[in-house]
Amino acid sequence: MISRFFIERPRFAFVISIVITLAGLISIFTLPVAQYPNITPSLISVTTTYPGADAKTVQETVIQPIEAQLNGVKRMLYISSTATDTGMATINVTFDIGTDGDQNTVNTQNRVNWASAQMPEEVRRQSVIVKEKSSNMLQVIALYSPKGTYDSLFLNNYSSINLKDELARIPGVGDVQMLGELKYSMRIWLDSDKLAYLNMTVDDVIAAIKAQNVQVSAGALGDAPISGKQVFRYSLQTQGRFTEPKEFENIVVRSTSAGEQVRLRDIAKVELGAENYSSSGSFNGKPAALLAIYQLNDANGLEIAEAARKKLEELKVYFPEDLDYAIPFDMTDFITASIDEVVVTLIEAVLLVILITYLFLQDWRSTMVPTIAIPVSLIGTFAVMAVIGYSINLITLFGLILAIGVVVDDAIVVIENVNRLMEEEHLDPKAAAIKSMEQVTGPVIATTLVLLAMFIPVCFLPGITGEMYRQFGITISVAVAISSVNALTLSPALSAMILRPIDPNAKKFIFFRWFDTGFEKLTAGYGKIVSPIVRRTSLMIVCYAGLAFLCVQLFNHLPTGFIPDEDQGKLFVNVQLPDAASLNRTTAVTDRAAKLAAEVPGVIDVIAVPGFSILTGAQASNNALLIVCLKPWEERKKPELQQNAILAELMAKFNAIPEAQLSVFGMPSIQGIGTTGGFSFVIEDTTGTHTDRLQEAIDLITAEARKRPEFLAVYSTFSANVPQVFLEIDREKALKLGVALTDLNTALQGLTGYTYVNDFNKYGKVYKVEIQAETNFRDSTAKLRNLFVRNKSGEMIPLGTLVNIRTRPSPQYLNRYNLYSSATVNGMQRPGYSSGQAMKAMEEIARKVLPAGMKFEWTDMSYQEQKSAAGISLGSIEINMMAVIFALALLFMYLFLVAQYESWMLPVAVLLAVPIAFFGSLLSLYLAGIDNNIYTQVGFVLLFGIACKTAILIVEFAKNKYDEGTPLYDAALAAARLRFRAVLMTAISFLLGTLPLVIATGAGAASRRSLGTAVFGGMFVAVIGGTILIPAFYVLVQRLVNWTGGTGSPRRAPQSAEPPAPARNSR
């Protein structure tokens, strides 16, 4: 017997436990810490610019050729794109979870190269950037001037030159973006009247700049081959690219034989300005440069954030006077607070379990045996986590919390049996330990394997759900396996060493006497309740059938969800003004909204980015983003300071801004999947016709959705009716007048748009040289008519004679999803409704109102939720994936029980306990208003195993009694009475271990409550209902075996995992 070896050599047992614990302690300091496992899909971004092009042109000439090549790239989930009327093209390819980001980038780059020949020359000059991207915005750093010494242009470029590259080099950083960036550019503002007067065109200016702002390789003097007398070699240097506005002003655009010159300063204003003025940034009302740090999917956010803080402190030493920084947006605050709360919950659970163990064992020496199993099992689990590449995250920590009530079970079995043998057979501790292990070693191993069997099917689930289940299941499995090793090695050795012979005349402490008296009365009452049920199994069958019916009804009525919405301490506000609103109007409205937000109690900082939409990720003059940062959770314990309450107050305050639509939403449940909370619903036009069809579909769906009670807000940023000016070129007239269409297009792009000419160097960076007409020459259609273009005869032809100018509606940006023209509807469910209910309602609405040729899909987090809820199709029947997994889990447990009992029927008596626990779990979730989400489902799996393990304590003893010749009813009743104490002890230990999850508050409380409520409620009902009905289950099954003449069970039963009588310590 293996345990005897360790009883004889206790130091060996100590060494095993010490080594396990030390390995775990070392691993704790090396394991990465994260909110979740690596469950974020890989995202590859393709971006480029077509200067001066509208959204339709960008989509047709840039995006469609690239998408055609990218479609179907290996392990792609979906592809989306955005074309804006500022010439930006963005294509995002989302790959499956678990794929390698570097390989995905290579595959994407190869396919983009195939499409390069189909793209315009101007786009190829701008370059097409392919890189791995994450929507996981980890931090936003605000660089600002407290006294207002520096303007936005200086702040943005100081950040770009001195901070951005330093932060981008931090390991794990995927990207550092400037929100509202104002990057330096040599802006050449042309005076179109002077150009026309001097008979000059945009082409003349471009040619002059290209000819004179150029880097020259001048060669060298004395370079080989040379004569033998040459002693030195000198490199030749000339003035290359210009760096200062004055140098550009002196560029000669035209020179005559008479010595007359027209310089750039004569026809234009030259300044060091911004490359793009379409957005800006502010922090608490002050101009600011905003640096957003995005982490790679497989990187550790806590390490990145800490490294960024250290780097900023190093760089701050070199800041000029009146320059400071803040980090108002830091998602690691939530991660750290959540993990801290879970660790506190873990400690509370350990203490409660120790307390209840001492209450039942009533002796500190006996209590030490199961107590030591807790740190050995939990800490040792970290060592295995390090080996298999796991992190310390919320899922693994939840697993450890729930394992606390389980890991003590085997040690309790050992110590209780040792105490019984010492009391009944008057053995000394060592002899009692040896004999006890002869009785319980086999059953301890068997019951552990039965519990682990529950998690075998779970490990094969795909996607996000599968990874979370896997990490939870393996964490618990490892902890339970270590606890079994501990029960077979350290627990018997420790029992033999520290226990003392029992004095039958010793008097117990008065509290323990009261407790024992009360427990004896409870046991007697329990026996009186069980006796008639065991003898009237027909009554039990009726009750059980009713419970099963209620189980089905509750499951069908329980709303479904995915990941609970948490108070993450941050809120996004999307600001949308009427179509074609200018950036000045948007900035004014955004400033008002920021001031209102700052007045709300619980708000600490407000970041504003006019000209940017968080929903589309694109720049738009009528959109803005507000990031509302809330105070720490310990300062927001009152209900009115919770995130949902603040969100509601913000929405109420924003009603005072009638000229804009302001939508408030939380952060995505999993950082890196989508950019906002709520759902993302994509409507696709499969016919590829006019965007008016998409607009009509959007209007129908949003109007219908606003009538439904499930939604707090439903909105779309898409608009097909943005007023735009259309220039209808009279091509015949232009050719008749000798105007080349290319010259006409160049004039339009260079004056009303902007033209990238070439580059210049400054501050160790390379910046663009751009030309554009001054504002007063491009602020109305009347000014547009007075722009001139030169014909082949050298005459200046007004643009008004060549084009017909009219206004027509057109989208400000165009989206595509999976190669179809699309528009996205975003929304949030109303409190009291789950995300699953909201998604179901949206699908019902879409099927009802969408016209022919339109279809819908989900994206971002909603896509993952739909994927996790998808079933397995068997012909016309679709079976829910979770139902399949649960069924397989029960099947594995059944097979292990068959192997343990050598019976095909007896395990049924154990498995019948599962619906009782399931009913309790569903009822508690229903009463608490919690949906059926991924955490509750994880709890179900564990609960099934715990319920069966509890049932084994009664069924196995009843079987032993029956096989020894005791009548069936008497065997069942004896088992019920004698195992009641052991069942209640292990159950209460587990319940108290999960209680801190049920009453959780603070950061991450929603997830903890979901898991805790499911497990606590199920176990509570299982303890009450299970202990009453399980004896009857055994009687029913055994009668069925007897009736069928079954021989699957040998007459001699296997040894029980528990002693035949409860331990009653008489110290």
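Yeah, the Cβs are placed from backbone N, Cα and C, and that goes for glycine too.
Those TrEMBL annotations? Automatic predictions, nothing curated.
Residues or ranges marked as transmembrane segment in TrEMBL: 12-34, 342-361, 368-388, 394-415, 444-464, 476-499, 537-555, 879-897, 904-928, 934-957, 978-999, 1011-1037. The annotation region 'Disordered' is assigned in TrEMBL to 1047-1067. Marked as compositional bias 'Pro residues' by TrEMBL: 1057-1067.
Counted over residue pairs 6 or more apart, the CB atoms of the transmembrane segment (444-464) and the transmembrane segment (342-361) come under 8 Å in fewer than three pairs, which marks the two as apart. A contact between the transmembrane segment (342-361) and the transmembrane segment (978-999) is present, since 3 or more of their C-beta pairs, 6 or more residues apart, lie under 8 Å. Sequence-distant contacts of the transmembrane segment (934-957) (same chain, at least 6 residues past either end, Cβ-Cβ under 8 Å): 398, 402, 406, 409, 443, 447, 450-451, 453-455, 458, 464-465, 468-469, 472-473, 476, 561-564, 868, 882, 885-886, 889-890, 893, 897, 901, 906, 909-914, 916-918, 921, 925, 974-976, 978-979, 982-983, 986-987, 990, 1007, 1010-1015, 1018-1019, 1022-1023, 1026-1027, 1030-1031, 1033-1034, 1053-1054, 1056-1058, 1060.
When Cβ distances are compared across the two stretches, the transmembrane segment (904-928) makes contact with the transmembrane segment (537-555), since 3 or more pairs at least 6 residues apart fall below 8 angstroms.
Counting same-chain residues at least six beyond the ends of the transmembrane segment (368-388), those with a Cβ under 8 angstroms from any Cβ of the stretch are 17, 20-21, 23-28, 30-31, 346, 350, 353-354, 357, 361, 396, 400, 403-404, 407-408, 410-412, 414-415, 474-475, 478-480, 482-483, 486-487, 490-491, 494-495, 498.
Residues 344-345, 348-350, 352-353, 355-357, 360, 398, 401-402, 404-406, 408-409, 412-413, 416, 519, 523, 526, 946, 950, 953-954, 957, 1008-1009, 1011-1013, 1015-1016, 1019-1020, 1022-1023, 1027, 1058, 1060-1063 of the same chain lie 6+ residues outside the transmembrane segment (978-999) yet bring a C-beta within less than 8 angstroms of a C-beta in it.
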